[in-house]
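Undergrad: My structure is below; once you've seen it, I'll send some questions.
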Amino acid sequence: MGHYLKTFLKLGITAFALYWVFSNIDIQAISERITRSNPYYLLLSLLTYMVSQLFASSRMHTFFSGAGLKLSALYNYKLYLLGVFYNMFLPGGVGGDGYKIFYLNKEFGVEKRKLLTAVFLDKLSGAWSLCTLIILMFLFFIKISIAYYLLGAWFIGTVIYFFLYKYLLQPYFKLFIPVHLKALGLQLTQLVVVSLILKSFGFGGAFVPYLILFLASGFMAVFPFTIGGLGARELIFLYGSEYFVLDQQLAVSVSILFFVISALSSLPGVYFVLKTKV
């Protein structure tokens, strides 16, 4: 019953968020903008997104090694694709992360607690990289008055975060630098994806405000409460574009195309869902 309730809630929140977004924008204008986008830039953005998946898979692989799992890079990548497919297209039940924990516990006998810790730390490193890049963009490009206060808060938070790793998460401490570099690599690669989407629309203005909105919406992927972040990401682009005085139609169009690209990149996972073993 809990699985059905979770699925219903996710579908309901996603539907409501999309309804709210589309009732506040010109759907026709967005449709026309997307259909007129440059397919070559979109193809490049799809390929670049696939590169970002390699960063994500490698980061998770490193965390699994800290949990005592010795998986090949290829095996781990297959498992990653299976997980993202579950998250994107099968939103009910345990989800992609839950399935990976269940599967690895069953196949290799690794404690669920260790696997859960690895998955949680993977998400935490993603959240850290998002905060880092958002603050750096505010500091160097937007130059808001509180940017230095944000930088100070980030520095203190990072120091505390580092020592928590050192004293409470000893098996993962030696992985701290590599996993966080991979987390930054993942987010920077996805910023290239968004930039290519903007180029596909022929946009020649300032990219940074759109990139900041994208990073802010990235928390929907770290802690998802809609299907694949759909709806929630568009809400952030919709209202964030008001704050930065941006073209709302363009902002939401970027968000929609990013979702389409991420969905297409997740499709190979269906092969591993249908197989009995990854």
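Heads up, the Cβ atoms here are built off N, Cα and C, so glycines get one too.
The transmembrane segment annotation in TrEMBL covers 7-27, 39-56, 77-95, 115-141, 148-169, 175-198, 210-230, 250-274.
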Undergrad: Take the transmembrane segment (39-56) and find every residue of the same chain, 6 or more past its ends, with a Cβ under 8 Å from one of its Cβ atoms.
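TA: For the transmembrane segment (39-56), the list is 77, 80-81, 84, 182-183, 185-186, 189-190, 192-193, 196-197, 199-200, 257, 261-262, 264-265.
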Undergrad: What parts of the chain pack near the transmembrane segment (7-27), using Cβ distances under 8 Å and only residues at least 6 beyond its ends?
TA: 91-93, 225-227, 230-232, 234-235, 238, 248-249, 252
